[in-house]
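Engineer: Can you read through this structure? Questions will come right after.
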Amino acid sequence: MYASREDIGYDFGDDSKVRSKPIKPNPNIDGGWAWMIVLSSFLVHILIMGSQMALGILNMEWLEEFNQSRGLTAWVSSLSMGITLIVGPFIGLFISMCGCRTTALIGGILNALGWILSAYASNVHYLFLTFGLTAGIGSGMVYLPAVVMVGQYFQKRRALAQGLSTTGTGFGAFLMTALLKYLCTEFGWRNAMFIQGAISLNLCVCGALMRPLSPKDLREKYVVRSESEENRGKALSHSTETVKSNGVLGEETEQKEEAANEEVLGSVQHTETGGKSGSGRSMYGLRLFKTVSQLTVTVRKGFALWYSSYFGAASLFTNRVFVAFIIWALFAYSSFVIPFIHLPEIVKQYNLSRQDNIFPLTSIIAIVHIFGKVILGIISDLPCISTWNVFLMANFTLVTCILTLPLMQTYVGLAVICALIGFSSGYFSLMPVVTEDLVGTKNLANAYGIIICANGISALFGPPFAGWIYDITQKYDFSFYIAGLLYMVGIIFLLIQPCIQKKQPREKSTEEAQV
C-alpha cells in the first residue's frame, strides 16, 4: 500500500512544518502527459527493439550475399543489439548533462544514418562499422531515455506503464519481421535497409515528446516514493538504504555548488549589463563567456552526478543485491536473443519452412510477449503481490523453455515452447521497476544503464557463440543447453543475495544482545 500524501515528510531538519502541508503533485505524474511518454516509449521499442528482434531475416540474406560462416555473420546482429545496451552507462552521462530529450534526438539521427549506410555494404566487416557500431550507438541513445522517462513520470502504476511501453518490442518484432520479409522479397535487402533507415527517423519525433519534469516535481516524487518503498520492499530495504542515504546527503553539496555557480554567472551578467556603454565586441565576448560558463557548469554537474553514482561514496556497487542483479543480467539476455537470430535457420533444418511461412515462430514469440508484459505488469502492481517474486518465477519459466527447445522437432512443439518463451520473457517490463526498487528514482538512469550494459554484453556474445557451436557440431542443441545453464547460474545469484541480506541484520542483533 502507498502512503497518503499528507503522511509523507522529510526525515531531516524541522519536519513538522513539512508534514503540516500536503504535497501537491504534478498532474502529469501518473496522468496527463505521462501517457504521451508511454506512447513515445512504445514507439521507440517498436522501432529499435522490434527491428533488432527481426534481424534473423537480414541474417539469412547476409549469409547468402557474403558467403561467410554463421559465427562471423551473426556478429553483425549481435553487435547492433549488444552495443545498444552496452553504451547504457555512457548514455547515462549524456542524460545527466543534456537531458533525455536531446540525447534521444541525437540518437534517432545516428540510428537512421547507420541503417542507410549499411545499404551500401560490400562485406560483413563494413556492416560491423555501419550497422553494428553506428546504428547500435544511436539505438542506445534513444532506448535508455525512453525507459528512464517512464520511470520519472509514474509513481503508482510503474509496472503497468513500463509493461505497456515495452510491449512495443513484441509489436515491433511481429510488424518488423513481416515488413523486412516483404521489403527483402520485393526490393532486395539493400533497399530494405535504406527504407528502414527512413522509417527510423521517426525516433526523433519520439525524442521530441520526452518533455522533462521540473526538478521540483522530481524531488516531490522522490519524497513520496522513498516512504512507500519502506512499506513495500522489506526484503530489499537493507541494501537500498545505503544508496538512498548517501543520495540525500549528496543533495546538500549539489545545492552549495549550484549557489556558487549562480554567483559566478550572476557576476558575469552584472558586468554585461553594466558595460552596455562599451563596444559591441566586448559585449559579444561577455555573452560568449557567459554561454561557455553555463555549459561548463552543466557538464561538470552532470559528470559529477554520473561519477558519484559509479565510483563515489554513494556508489551503486555497494548494493549487494544490485551487484547480483548485474551478474544475472550478464547471462540472461542471450537466452532470449539466440532464438530470434537462429530460429529461421533451425526451421530450415527441420524442413518446417512451409508452416513457418504461414505463421513464423518468431512472430509467435513476439505476439505472446506483448500479453506477457501487460499481464505480468498488472499482477506486479497488485498490493498483495511481490514484484521480485513475479520476476523470479518468470525467469524460472524462461530458462526451462530454453533447455527444452532443442528437444522439440515438430512445428506444434516448437510453437508451444515459443509461446512460453514469449510470455515468460514479459519480465523485461519489470526490470526498470525492480531496478528502481533497489536503488531509488534518483539513481535509476545510471543503475538501469549498468543493467542494460550487462544485457548488452550477453547479447553481444550469445548469437556468435551459438553460431560458432553450430559450425563445430552442425547442431544448435548445445548452444541452447549451455546458454540455459549459464542463465540458471545468474538466477541462483539472485536467490542467494537476498537471503544473505536478511541474515546479516539478525546476526548483528544477536551479537548486540550478547554484549
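For all residues, glycine too, the Cβ spot is worked out from N, Cα and C.
Automatic prediction, not curation, is the source of TrEMBL annotations.
The domain 'Major facilitator superfamily (MFS) profile' feature in TrEMBL is assigned to 37-502. Among the features that TrEMBL reports, region 'Disordered' is placed at 229-264. Look at TrEMBL and you will find 33-55, 75-95, 102-120, 126-148, 160-180, 192-210, 321-343, 358-376, 388-408, 414-435, 447-466, 478-496 tagged as transmembrane segment.
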Engineer: Can you tell me which of 33-55, 75-95, 102-120, 414-435, 478-496 gets the most C-beta pairs within less than 8 Å of the transmembrane segment (192-210)?
Structural biologist: 102-120
Engineer: Between the transmembrane segment (160-180) and the transmembrane segment (388-408), do 3 or more CB pairs sit under 8 angstroms, pairs being 6 or more residues apart?
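Structural biologist: They are not in contact.
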Engineer: What parts of the chain pack near the transmembrane segment (321-343), using Cβ distances under 8 Å and only residues at least 6 beyond its ends?
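Structural biologist: The answer is 53-56, 59, 74, 77-78, 81, 85, 173, 236, 239, 361-362, 365, 395, 398-399, 402, 405, 418, 421, 425, 434-435, 438-439, 447, 450-452, 454-459, 461-463, 465-467, 470, 476, 479-480, 483-484, 486-487, 489-491, 493-494, 496-498, 501.
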Engineer: For the transmembrane segment (102-120), which recorded stretch in the set 33-55, 126-148, 160-180, 447-466 gives the largest number of Cβ pairs separated by under 8 Å?
Structural biologist: 126-148
Engineer: Is it the case that the transmembrane segment (126-148) and the transmembrane segment (358-376) have 3 or more CB pairs under 8 Å, with pairs at least 6 apart in sequence?
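Structural biologist: The transmembrane segment (358-376) and the transmembrane segment (126-148): touching, no.
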Engineer: Using a cut-off of under 8 Å between C-beta atoms, tell me which stretch among 33-55, 75-95, 160-180 contacts the transmembrane segment (358-376) the most.
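Structural biologist: Most contacts with the transmembrane segment (358-376): 160-180.
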Engineer: Give residue numbers and ranges for long-range contacts of the transmembrane segment (75-95): same chain, 6 or more residues beyond its ends, CB-CB under 8 A.
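Structural biologist: Distant contacts of the transmembrane segment (75-95): 48, 52, 55-56, 58-59, 62, 103, 124, 127-128, 131-133, 135-137, 139-141, 143-145, 148, 302-303, 306, 309-310, 333, 337, 341, 445-446, 448-464.
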